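S.K.: What follows is a single structure, and I will ask about it in a moment.
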Amino acid sequence: MKFSKQLSAQADLRYLNEYISYKDLKKAIKVITGSDVQVCTVQDVVSNFRQTNALTGSIFRPPESRFQELLNHELDKINSFSKREVEAILDQLAVALVIMWRLHAALTLLRLAPDSPGYAEAQALLKRLEQREQEIRNALVVYPQKRGRATEQDKAGSPSSNPRCRGVSDEPSSSSEERELGAEGDDFSSAGGKTSSRGEGDAKRRQGDEDGGEGEQDDAKRSVAEALILLEKDVLEVEGVLEAQSQEIVFLDSFVRLNFTGFRKITKKYDKHNQSSAASWYMSRVVRQDFMNLNFTLLLTRLARCYVALRSLRRRLGEQQQQSLSISPADDPSKAASVKEDRSTVGSFSQSLGPEGARLSTYKRTGGSDEGEQRREPRFSLAARSRGSRDCREDIKVTKYLIAPDELMKVKVLILKHLPLLAAGGIPMDDSVLCPFENSSQAVAAEDFSAALEAAASLLRTSGTASDKREARQSLGGSRVPTWEVYLDNEEFTYYTNTRTRRDSPDSCRGVAPSRRVVRVRWQGLPSLNSAGRQVALELSRPDSSIADPQEDITTPLASNAPDVASSAFTVILRQKQLLQLLHGLITPSKLLDQLMDEMEASAAGVATGEGANATAASHRTGARGAANRGEGSGGGGGNRGSDDRAVALTKQKRKADMLQVLQTVWDAVQQRGVSPSVRTWFYRTEFMSEDGVAWISVDEDIRFSREMNRTPPANQWIRSETEALSTDDVHPFPWGLLDVSFLVRDNGVALPQHAVQQAKDFHPLVGRDDLEDFVADLRGLSTLTEVPGFSLFAHGTAYFYTPRLQALQARMSGYEQAVHLIPLWLQYTTNAEFDDDASQVFDEATEGGKGKKADRTSVGQSRLGRNQGDSAERGQRAGSPGGLSRPRVCHRGSVIDVVHQGTSASLVHDLQASAQVSPPTSSGVDQLGNSHRPSVSESRHPSAPALSVLASAPSLPMPAPPLLEVSPFQSGARGLLTQPLLDDGDRMAGERQSASRGGAPTPSQSWLLTGARYWRRYCNCFSLSGSAGRRRRSMSCLFPWSQRSSARRIHPVGPRSMVAGGVTSGPSVRVEPKTFFANERTLLQWMNTAVLIATISITLMNFGNPVGRIAGLLMSPVAVFFIGYSFWVYLRRARALERKEPIAYNDKLGPSILVVTLMLSLSAVIALNLLYHEGEAQLPITPQNSSTSTAPSLPPSPHALPLLSQLNVSHSQAAYKAPSAPNATVNAGGYSVADVPAPDFSLSHPATAYAAATALAAAEAAAAAGPVSFAGAPERAVHAHVTEAMTHAASAETAAAEGARVTAGAK
């Protein structure tokens, strides 16, 4: 699909004029560059861009300047609309939050009795709150002009008829402005007016009920119920507004992506028409624009705050409804117990927010199972179990999905509606987001309703003023904090192999360092030049762990190793300087532990001595709450001081033992197994967790991988610097988002703690009504999600960068029963970096043909899922079969410097940069750096000791292709097609040479000694083959292996079981377009044109040239003959390969090289011959011919010569007649010379003699006259004619003299 159609299909019709004017820009480009002036006129373009100066004016301006002005016009339009939209969303969310605060105060007022002392004061306070709400709403109301220009369709049609118009009221109004205002402002005014009048009416009804006596209590309850119904309607209206703003945030993200793609497409089109390369410069300016740096983190934070308040308000409303509809215990004693139970159940939320600010401890993954604190913290967390079972996941279901980048915002907003937001973009949320009604709820729990209303009033006083304006100013340039992870492994990939070969077992969680754990270093923060003092976490982690694991929590600060702060027993917090000493063997684990314990003691005592202060006050408060929840702190009332001190001492000793064991394990791995940094990854994480700790969800975006093995970092660092510019060979941008869904299950036979089951039933509405499973099912049903079982960042990064080594290791392990597949199944579906719409268009043309072009795809999910699932499923079956490994792919466009973009739209920029990297590492035994990892014969027969140890303890783990991957978007999308290579093992030698040219280490095939020895062994083995059948064929394949590789290039359909472990798979057939055959013919004609031109020049030189020209023609004519034959051979070879769909090397490097070298040699030879001949110039005299051998014809007698004879008075006695000599008697022109012509004696006694003498005299005079003539500057042909004439006259003179002598002799 072309981008113009995609833009019109995906654009929001309300703001269609605010998008990039792609079609108008295409027309303007043709007018500016002059490529097609018939499309439109200058007046049309000017009118489209509203009188811009880009195309007008009498002063000459280059096309670049005019195009830049058009881009600036579009950028200004998009930037202004984006900022207005962000401010409008923030204003609407602020008004919604104010409304919910007022409704919360109104619910508090309903709990007061009319005869209570503070009822009148509370009622007056509520009126002031309503007035304050009205002032804030008037100040933050958003008019239609602020939200952008309305289209003609919006002005003419009804809002309800347009399904794409979001947030517009269905009530009819007189104008579009009133409709817009009703959608954005009147939704709140109705809530305010109803509540105000309802408050006064409720007070009057209550006062009437008090005067009327006890008989009218039913009417009072009925009035309270009616008031609650009206409040519920207000809550529904607020929920509708939040839903509309959620869709606005999703629309804004799509708006940014579409416009960025439009600018990228239009700049490329300008380069195409203008024959320039300015697209990169234009896009560098686009990246710095305001619309590319919108603070989506702030929008998500404000939206999450509103949804948390909405859920709290709903719980308070349900609590009040149950209290109003309940029967008094005095009237019906039988129901007193049930009423009491219901009140305790519905009041659990406010109780959980009450004492000692326990809100943060419930979100922290460190909690306790103390029975005395069950009522204070009804929410159950994963950390409530014991430490040994906390790190196991028998009762937690983990599912990981891959998300397309353009659907990340939609998924995050969907999750945010159901679960609280813990962290957005790596930034933890504060108390105002996680619990906006904390102070008010605490007062309600203490039955201090006046204090609750005063807390709500204080919140209103701080709203809509400086804080909101400050947040509005922060709508641009929102910062995010990346999470960095570095995994350590050795050259034998021991830890990676363990993770791929070992299964989960009940005993895997026993002990400090289970077999499946790997050494990992984790930290958070922006890249820094000086990071030696940064705090990092040295961990023994599971690579495939879920977000429920405490080690994956990014909200816990890496501040201290204190027991009340540490999130896991497998984590040690230390500085990077100390980590460098440990990895280099400069410090022992025991000594490092002593330093860490001293720092922990100093931090606990509040001694801030430079680097020794590792814990802040906030972390201590958080740790104190965690320790209180676990029962590790104070004894919970009644315990003596001595028992508390002993418990703290035991906890510290246990923590010290855990730290020592972790440090010792890392030390042994470094010293004995030689582990070093292998793979580094960084990403931006967004975390969600339910209030009771039943569900955890995380979304990782902008994931990038970096190679660290075989790299030499500086001496003062343990990895390469974070700010170092990395080439595309070392950085892999992962073009997908990662969704981790983890939640407790109840049907797997694992019994949860009793208090957790009771809290799940009493408190959490999702678990109680099975809505959590429904919500997860809705997530799974999204077309943009694809489940990938067993996915982990460590496995993907290692398999991507070190594919050849892993395949070589797998080949050595293939002979063992316990061998497994070391290459993950998802690798070939997720390693494509060409994430571009052009790729989708190519795939449409290649797979769907005519049907795909006619399909109407208005949805990104449909366009991604509806592409040729049959062929993709077949590819998935082939890839999912045992031993299905990727084929060699050594194709890179270059080593482009990669700059990490830190903006909010980093994924878009990274997708643009990802086009520099085409494919993952090869499987041909040569990695991207040219390092050979193909095992030798001895290695394949005798594996190393670590490999044997792995195989000895590795159970069999078959990995069939999962059904979900067979129909996943990665097989049916263009990215799966583009990852298929074009070359196979037949071009491995070329790949090795290409890899070596990038600076890699020399491979065995590059060493001529090893190459000669290998061919000699093959030659000797050829004659030792047993059997008579096929002996000749086997001998030829041994002696000439390239013939076998050439025949192996042909691809035939293979079944899913046709591949063996460790072998090389045959790729899919390449579909050839008809235009490819025409291109092959055009190439032949171009070669023939050049060859015919060379042949014409050489033939001309040989026929009409001088001796030097003839030599040059002889040199160039074989060149022309060779290229005529060579071009025809190349044409036949390519045509045959295209017909058979053979993936041969279509890039011809031999022919052009020979052509250039031959032409250079020919021209050099011609120039050399001319220079050498003129320097050694010599005269070539022409000797006179004898009379007997002369071939010149005799001159017949002529009567005109008789008068001349009378003038000659020459006696017969004269010796001879010679032509007059002169200095220029010798004529030299074109290599010819004429000498003096001797004249024999003759007499005049006979007429014939006289005629011969006259003829000889005329010839001699002609030769003498031609002698002194200068031929300098004359054409060569004219010079040649003159010389020929002179020689003819000389020959005639000689003939005449001989004839005269003969006549004289006859006369005598």
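The backbone N, Cα and C atoms fix where each Cβ goes, and this holds for glycine too.
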S.K.: Confirm whether, per Swiss-Prot, Thr1304 lies on the same side of the membrane as Arg1134.
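M.R.: Different domain labels for Arg1134 and Thr1304.
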S.K.: May I ask you to indicate which of 1084-1104, 1252-1272 is given in Swiss-Prot as transmembrane segment?
M.R.: 1084-1104
S.K.: Please report, as numbers and ranges, the same-chain residues at least 6 past the borders of the transmembrane segment (1153-1173) whose CB is under 8 Å from any CB of it.
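M.R.: Counting only partners 6 or more residues beyond its ends, the transmembrane segment (1153-1173) has Cβ contacts under 8 Å with 1090, 1094, 1108, 1111-1112, 1115-1116, 1119, 1122-1123, 1126.
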S.K.: When you scan the chain for residues with a C-beta under 8 Å from the transmembrane segment (1084-1104), skipping those not six or more beyond its ends, what do you find?
M.R.: 1110, 1112-1117, 1119-1121, 1123-1124, 1126-1128, 1130-1131, 1151, 1155, 1159
S.K.: DSSP three-state call for Tyr22 (site 'Important for inositol polyphosphate binding'): helix, strand or coil?
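M.R.: The residue in question, Tyr22 (site 'Important for inositol polyphosphate binding'), is helix (DSSP, three-state).
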S.K.: Across all chains shown, how many C-beta atoms besides its own are within 10 angstroms of the C-beta of Tyr22 (site 'Important for inositol polyphosphate binding')?
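M.R.: Neighbour count, Cβ to Cβ under the 10 Å cut-off: 22.
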